[in-house]
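Asker: One structure follows; several queries about it will come next.
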Amino acid sequence: MLTLLAPAKVNLSLEVLYRRKDGYHELRSIIQSLSLCDRLSFSPSKTVHISSDSQDWQADLSLVSKAVELFSERCGQNTGVNLKIAKRIPLVSGLGGDSSCAAAVLKGLNKLWGCGYPCWRLMEIGAELGSDVPFFIMGGTAMMEGRGETVTPLPTLTQMWAVLLVPALDMPADKTAALYRNLRPDSFTSGEISDKLLESICQGKLSLSLCFNAFEKVAFELFPELVKYRWQFLEAGAYQISLAGAGPTLFTLLKDKNTAEKIYHNLCQKGHQAYLVSTLGPLD
């Protein structure tokens, strides 16, 4: 049996530069893997069988099934697989769980079926599945550009602690598309925010004040209950709070574990769904 981890992520920066002629948006984003991971177990089988320990997760609605089908087409394999997924990343949370699992599927089948594709080829295939998938092939700390297909590894961050607050909100299936539709002219930026953040990372001193998410203002307008959760996060002791991807998860990054633990415990005492995790380097 082959077992792989599929880590969550947060966008330290997420800039939308402009809408492209092909309908996609040009992005510039610095992404960071987290130690909150789904676990995928692969074993040989004559047919494809996918299961999960989460009753809310449906294989046919996820990128996982699409990843198995696409990889089978690309490598010319009709071999099956028995795939079991232990879900830990909250669904539809902005933490990239579906994309991360899809990337793990590509890496796992590449090993299980002996296809021998290099990393760059897996990233090409991943780009056909979704914008975040190429990043998850690599993981760690990276700059993502284009619509997500261009990923450049960055120096691994000195370990930091992230506290995640997952609001108890029912999010629409087209959440990300709705955010894109509601972007305003002042939502678009030049990429300089990510450049400044990149400079601070390369100097080994990440400046949290530079964290930015183009979706944040729009998300708080479309889902006004986020305001309440943000205030409760502040009351728990957080001071620099960002939206994770397309949300609704909110997060804060800290260098001191004790401070992170206090914020985490304060959130849990209030009955919130919260996680205390660390930043993560690239996975093999």
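Note that the numbers count up from 1, one per residue, in the order the chain is shown.
Glycine too: its Cβ is placed from the backbone N, Cα and C atoms.
Just lifted these from Swiss-Prot, have a look:
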- K9: active site (ACT_SITE)
- P90, L91, V92, S93, G94, L95, G96, G97, D98, S99, S100: ATP binding site (BINDING)
- D132: active site (ACT_SITE)
Asker: About how far apart, in whole Å, are the alpha carbons (Cα) of P90 (ATP binding site) and D132 (active site)?
Answerer: 16
Asker: How many other Cβ atoms sit within 10 Å of the Cβ of V92 (ATP binding site)?
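Answerer: Excluding its own Cβ, the number within 10 Å is 20.
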Asker: Based on DSSP, name the secondary structure state of K9 (active site): helix, strand or coil.
Answerer: strand
Asker: Other residues with Cβ within 8 Å of the Cβ centroid of P90, L91, V92, S93, G94, L95, G96, G97, D98, S99, S100 at the ATP site?
Answerer: A8, I89, G245
Asker: Cα distance, G96 (ATP binding site) to K9 (active site), nearest Å?
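Answerer: Distance (Cα to Cα, whole Å): 6 Å.
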Asker: Relative to the Cβ position of D132 (active site), how many further Cβ atoms are located within 10 Å?
Answerer: 24
